[in-house]
């Protein structure tokens, strides 16, 4: 090749570095030069020679990126242009000729084959920069090819194998480019496609969020990959979750998802902690679904199973309404008639829920929505009559009818519609007195009707109480309804005596016979003209007729019902449950300052307490709920029934035990453990009445405090035992109760905190989402609240570590990553993690100082113990104070440990030497509280278990610093910002960092 040709390639690379140059012209010029050459070998070698200058640069410099783009465009310029739609109208002969030419062209592009071979030979280079550029260039080459482009099968396999290897590279950027390069190598229809298998493995196990994002952006959707993409919507990184929802919106049809998957997506997406994720769900996912359903809201609700997930459906509609113009909402309102009501025959679960969501959304606009609300909702009186008519039509099934699934499903649907109609009462305008009275009358009548389903009683009572602002009136109204339900007014009817009725009928028949005989005799006497005898018979007939009338009156009176009314008490489980539900709702709506009056006391003695011993579990459970709620309003009542609630929490069925446990926790939160001592004092005082008796019981009074302490201890023991329960609901309730008691300061126990930490990390509770979420939030809030709480965490540090180190191999705790637990406890006790850090905490002794002393003491006790390595590693991560006393104490302990471990492990010795230098120079580790610490605490809370998976996959365990440096995608070490540079300094630094490949190229040319 001539010198001019060498300069031509060199100039092309030099000009390609500048972004303003037209790369198409460069590609065309170089392509023309290439086609004129007979021997292409020298061109290939020289081209690759200049390409290597760019491949050794790891940083994403604009000049290098421009060169890579130019190389990809030039290499793919030899391929024929893609086919267009007009090509189908050509004659068959021309098509065959073009196909032959294309085949020849595909076989005759030596430059592209040479470049691929060069890149595949270089992908195993020791330099991570070269590996990164190789994968990037392969990605660009494959991406620049036409859609119908083809490559040789052998080359395909080589590229595939090389990228699969690089997908497990140590550097995240290399893995990202390798994953992107395999985009066009996927075969979704192949169940054993290695690319898709690699993608799914990366999504599950890769510790770098950017790598997971890269795979999400290019993975092909199929029944195999869809569950993996859905799982990424629960990723710990916000950007990954956001991209997962975008991919689902763009690539997945709503019909490809099951109802459960749709509901879970919306539940998590609409309530995500990140505003960006919620925005993607509202602006991308929901509009995509509505577009595929032609904007039909009813069809969307039908695909969400609104009967079981009503709240999710409501949140979904509210999110759609917020992005829809108001005029369009009114046009798409439900099928309302001229009365602004949905006809009863047209009511369904979907349209009634849409009606409710629309009314609540317009109601939420305040005064601006009043006029619009009048267009979708009638006046209160009309709606009350409409609701009353529908509720009366809901059938009440017998036990035999409940066995029929079709009838049961129909009734459940009607009950769901009834619930939504009842909730619509909150949107009505009840300011007018007449309308409000009509609504109250309907609600009271529906509560008193025996055929009203029990599932509607709580909701009806709630709406009734919201219309009654005064607590006294609420109590009176609900008490009257309970009285009417339990003691209904019935007419008193005499029992019919069958013997007496029979005797009356016989007497009546005898009298009639005698009257007929007397009348016959009277006629005979008149015919014989015996008038004196006729007169006597006439008087006798009159007496008999009077007697007959008297008997008839007695028969009539005995058969007629009595007008007297009496009250008959009903004690069947259904009636008791309805009454208890109304009582519980009343106690819930009452102000906590409202004390227990005579009416509530009467309900307690006649309804609640007797129902606790009822044989029906549902009745007992609701009675316990009423008792627990009622005791919150009266301290005396709480003292009286605390023992009863404790007994129920240990002996009854699971659901009832949970209700009793909640009541006990609420009482302890409200009144504290002093309630137990006062209760013991009250019981003792009630037993001693006379002065003589008081003198006799004086020694026993000294033991009252001990008895109260024993009771408190027994409660804590009970809660601790429930933490080991096999019933997940009981375990979660006990853990949540202990967390509340500790956070509010009712108890302070390092042992309990250690139990909660071990429970949170225990693999047994992995599927208990509620428990994990509750404790995860509690640990962070508790430790950051005050230094006192951090001292509790520090006190429980060593017991937690000992428990994990001594766990037998058969215990689930043996699977827990101890390093992760220690890291969490260190972050929770960090002084800078406090919400309100003390200004002098760096000068005084801090929690990490005590923790350092404890760990040094443990290391001195047994220098050969396996946990010494763990303690030594933890010491280097502590945030120590500048106190002289602490520094000298730690220096002494460090020297002693150093002597005892003179021939110890290399890692331990390095840590001790580093700690010694810090202590001698008094340069302990100080980090500003606002820098990264809350994020690190959160990361330690949410990444439990994930690091173990990543370690198993890659055979390496990155440190926290390595992970943070990988997350930025560039592997640049972290540095602490000290002073913000000026604008001029920034510009100068930016100019220095600009890379120019011309210097390297010219330098090499001069040397040569």
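Note that the numbers count up from 1, one per residue, in the order the chain is shown.
The backbone N, Cα and C atoms fix where each Cβ goes, and this holds for glycine too.
Curation plays no part in TrEMBL annotations; they are all automatic predictions.
Keep in mind it's a predicted model, so treat the numbers as computed, not measured.
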* Structure fact -> Per TrEMBL, the region 'Disordered' among 918-947, 948-977 spans residues 948-977
* Structure fact -> When TrEMBL is consulted, the range among 637-659, 660-682, 683-705 described as region 'Disordered' turns out to be 683-705
* **From 18-47, 48-77, 78-107, the residue range that TrEMBL assigns the feature region 'Disordered'** => 78-107
* For the domain 'Nuclear condensin complex subunit 3 C-terminal' (578-880), mean pLDDT (0 to 100) -> 84
